[in-house]
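What Swiss-Prot says about this one:
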ACT_SITE  165  active site, proton donor
ACT_SITE  186  active site, nucleophile
BINDING   142, 246, 248  substrate binding site
CARBOHYD  285  N-linked glycosylation site
SIGNAL    1-19  signal peptide
SITE      164  site 'Transition state stabilizer'
């Protein structure tokens, strides 16, 4: 009797221990409850149709997008909290994303930066998961993948791809995590207060990563690049050809902290653009061959990292998905 109980106890312990080390299922291959669906067998065949169907409601809404490439140009202006989910086998990383929204037009052709955007978000409280957004125009002109022009926007394990002016973080508070941002010239730009965490920031040509446009001392906006990996696109030699940023407007404010800066970063670090600019550029506890600050230009000193509360506001936990 005692032997049987002992065997059962050992079996129970063994099963419990095995279960503890099994990887948790992080996939999303079907629509979360209550979401409308987009895809060949979904409620709608295009994302644009699904957005239009939301109408003037102010209720929380969600859209699940099945795997595929969607050649669309979208404007999101919904009055309620909207969540967009892309199909994936691993929600924690952009590397398994299967949904791409793409469009190809330059800003000169479209008439403005905003009009060139593949996705233009104008409404607050939008959360985007596991979706790739691209502008396929390439080099030669500004061509925006995403305009994020609203407050309390969250992007989780997404990809943004372009060349010049990829990600227009234009206004409001914005959060990007586990994502990939690719471009060459000013490819993260605007005057949002934006936090980038655990992101791959990938240069596909010589140029400048950030072009922040803060203009007044009363403007509380920051770009905080935290625990990110700066790198060159595969097969591209950019040694010394990339700058951390240049000021689109005179009081640009950017910090790189706890990030990996490789040898693609020019020793000067930062560059000029706006006439009379006095930008606030900071670096704190970075590593890598490009992290030496001894030859930096335009660099200000800072004694501690910037916090999420400073960049996103004291209430950020109310709208940021803390499971990432």
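Cβ atoms here come from the backbone N, Cα and C positions, even for glycine.
As the structure is a computational prediction, the values presented were derived from the model and not from experiment.
Here the binding residues for substrate are 142, 246, 248. Their largest Cα to Cα distance works out to 16 Å. Across the structure, residue 142 (substrate binding site) and residue 186 (active site, nucleophile) place their CA atoms 9 angstrom apart. Annotation for the active-site residues 165, 186: lowest Cβ count within 10 Å of the residue's own Cβ, 186.
Using CA atoms as reference points, the recorded positions 164, 186, 285 were checked against residue 246 (substrate binding site), and the closest is 186.
The recorded positions close to the residue listed as 'active site, nucleophile', defined as a CA atom within 10 A of its CA, are 164, 165, 248 out of 164, 165, 248, 285. Counting Cβ atoms from all protein chains shown, residue 248 (substrate binding site) has 21 others lying within 10 Å of its own Cβ. Around the Cβ of residue 246 (substrate binding site), 25 further Cβ atoms fall within 10 Å across all displayed protein chains. Shown are the recorded positions 142, 164, 285; the one with the most C-beta atoms within 10 angstroms of its own C-beta is 164.
Sitting within 8 Å of the Cβ centre of 142, 246, 248, and not among those site residues for substrate, are the Cβ atoms of 165, 185, 186, 189, 208, 211, 213, 273.
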